[in-house]
Amino acid sequence: MMPNTDVSSLSMLGQQTETAKSPEEAVLEKVPSNHAGTDYVVRFTAPEFTSLCPMTGQPDFAHIVIDYIPSEWLVESKSLKLFLHSFRNHGAFHEDCSIYIAKRIVELLDPKWLRIGAYWYPRGGIPIDVFWQTGKPPEGVWLPEQGVATYRGRG
């Protein structure tokens, strides 16, 4: 029998929800993991992430991959989607967006392990890729490659 997940504390799932005006205002929610004690990888992929250049206000685009090994909690996916969307009108450098996303999730979940790969499309002709992780993943966990090809342009 599948365990039931208590969703009574969630405020966004199943509700019409406004997008926060900034990442700082955005609410991330969590649900209990029914598999605490089992090491497995959860992956979220945001292939159309957008934010704004803090200098020019022009849009920046990235393909973001977040992998984590839960401890007691899982990030609720609608809240993550809205959190990521809150960057759409937010001006910040690529590195700041990428690391802020990862640290907010770590703060919320206290996962056993987390990594982020943020593959930014070129700005000024140079693609910027940002990688960060909390440490080494636990032994024996299947950790697939993130699968995002290096930017090649028309080459």
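Start at 1 and count along the chain as shown; that gives each residue its number.
Glycine residues also receive a Cβ, built from the backbone N, Cα and C atoms like all the rest.
Source: prediction; values computed, not measured.
Quick look at what Swiss-Prot lists:
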- 1-20: compositional bias 'Polar residues' (COMPBIAS)
- 1-26: region 'Disordered' (REGION)
- CYS53: active site, thioimide intermediate (ACT_SITE)
- ASP60: active site, proton donor (ACT_SITE)
- VAL75, GLU76, SER77, HIS94, GLU95: substrate binding site (BINDING)
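Binding of substrate is attributed in the record to VAL75, GLU76, SER77, HIS94, GLU95, and the widest Cα separation among these residues amounts to 24 Å. The shortest Cα-Cα distance between ASP60 (active site, proton donor) and any of the binding-site residues VAL75, SER77, HIS94 is the one to HIS94. Around the Cβ of VAL75 (substrate binding site), a 10 Å sphere holds 22 further Cβ atoms from the protein chains shown. Most Cβ neighbours within 10 Å, among the binding-site residues GLU76, GLU95: GLU76 holds that distinction in the structure as shown.
Of all Cβ atoms in the shown protein chains, 20 besides its own fall within 10 Å of the Cβ of HIS94 (substrate binding site). Highest Cβ count within 10 Å among the recorded positions CYS53, ASP60, SER77: ASP60. DSSP assigns VAL75 (substrate binding site) to a strand segment in the three-state reduction.
Checked against the residue listed as 'active site, thioimide intermediate' by C-alpha proximity, the binding-site residues SER77, HIS94, GLU95 yield HIS94 as the nearest. Secondary structure from DSSP puts the residue listed as 'active site, proton donor' in a beta strand.
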